[in-house]
Amino acid sequence: MAELRALVAVKRVIDFAVKIRVKPDRTGVVMDGVKHSMNPFCEIAVEEAVRLKEKKLVKEVIAVSCGPAQCQETIRTALAMGADRGIHVEVPAAEAHHLGPLQVARVLAKLAQKEKVDLVLLGKQAIDDDCNQTGQMTAGFLDWPQGTFASQVTLEGDKVKVEREIDGGLETLRLKLPAVVTADLRLNEPRYATLPNIMKAKKKKIEVIKAGDLGVDLTSKLSVVSVEDPPQRVAGVKVETTEDLVAKLREIGRI
């Protein structure tokens, strides 16, 4: 029986199908009354952890999320997918908007040490901020090896083999556990939570703690200056011939 334990980070984000609206004061995007769901890359990380457990390579899968009370819904989704228990690091909604990769990485590192896990899995990035920094920072705080953008994960005794896609093809890394791995899109296809598993998830434990309980200061060192909609695309003009194209480019001062 495997004795390895995995910690999986899950983030609550605005659903990918929702059209984002910027607040009138440009301090952020509208969050109230908007559908939220688990970050798609986090779903992939949960799926991979559960698959490792199903192969009896991992003993326990712990799902963790930082944010307001609604984050427990995201944790419940992870539990319905097969995670064993959850940890909610509660952050008031007013403060949660300022959570960045640095603060979350500090929390994950402390939890990894507290729970004595062997593997930290998380999505390579979140679709709301696209930072792609949390996994790397977590590994840095823990001084653990890291495998980012994983398209295949294989546990081999006290090591984990990570295959990752790079511009020139595939790169294979072999990391000594404990380690941090971030999931890429091609790692797996996440399962849908079935109704029976959703019902079972309601009975699974979610521990609620504060960042202060871990000795972590969530004060952000960054401030958002402005959030704006992308500029509207100007309609193009069709031209029939090369000569017309050259004339048009000259007209607008491009040549």
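Here the Cβ of each residue, glycine as well, is placed from N, Cα and C on the backbone.
Noted in Swiss-Prot for the protein shown:
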type	residues	note
BINDING	Ala9, 39-42, Cys66, 123-134	AMP binding site
MOD_RES	Ala2	N-acetylalanine
MOD_RES	Lys200	N6-acetyllysine
MOD_RES	Lys200	N6-methyllysine
MOD_RES	Lys200	N6,N6,N6-trimethyllysine
MOD_RES	Lys203	N6,N6,N6-trimethyllysine
MOD_RES	Lys210	N6-acetyllysine
MOD_RES	Ser223	phosphoserine
MOD_RES	Ser226	phosphoserine
MOD_RES	Lys238	N6-acetyllysine
MOD_RES	Lys248	N6-acetyllysine
REGION	183-205	region 'Recognition loop'
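The closest partner of Asp129 (AMP binding site) among the modified residues, by CA position, is Ser223; the full candidate set was Lys203, Lys210, Ser223, Lys238. Looking only at Cα atoms, Asn132 (AMP binding site) sits nearest to Ser226 among the modified residues Lys210, Ser226, Lys248. Here the C-alpha separation of Lys200 (N6-acetyllysine) and Ala9 (AMP binding site) works out to 21 Å. Of the candidate recorded positions, Ala9, Phe41, Gly123, Ser226, the one lying closest to Lys203 (N6,N6,N6-trimethyllysine) when CA atoms are compared is Ala9. Residues belonging to the region 'Recognition loop' (183-205) score a mean pLDDT of 94 in the model. Phe41 (AMP binding site) is 40 Å away from Lys238 (N6-acetyllysine) when you measure Cα to Cα.
A count of other CB atoms within 10 A of each Cβ picks out Asn132 as the most crowded of the recorded positions Asn132, Ser223, Ser226. Comparing Cα positions, Lys248 (N6-acetyllysine) lies closest to Ala126 out of the binding-site residues Ala9, Phe41, Gly123, Ala126.
Around Lys200 (N6-acetyllysine), a 10 Å sphere centred on its CB holds 14 further CB atoms from the protein chains shown. Mapped onto three states, the DSSP output places Ser223 (phosphoserine) in coil.
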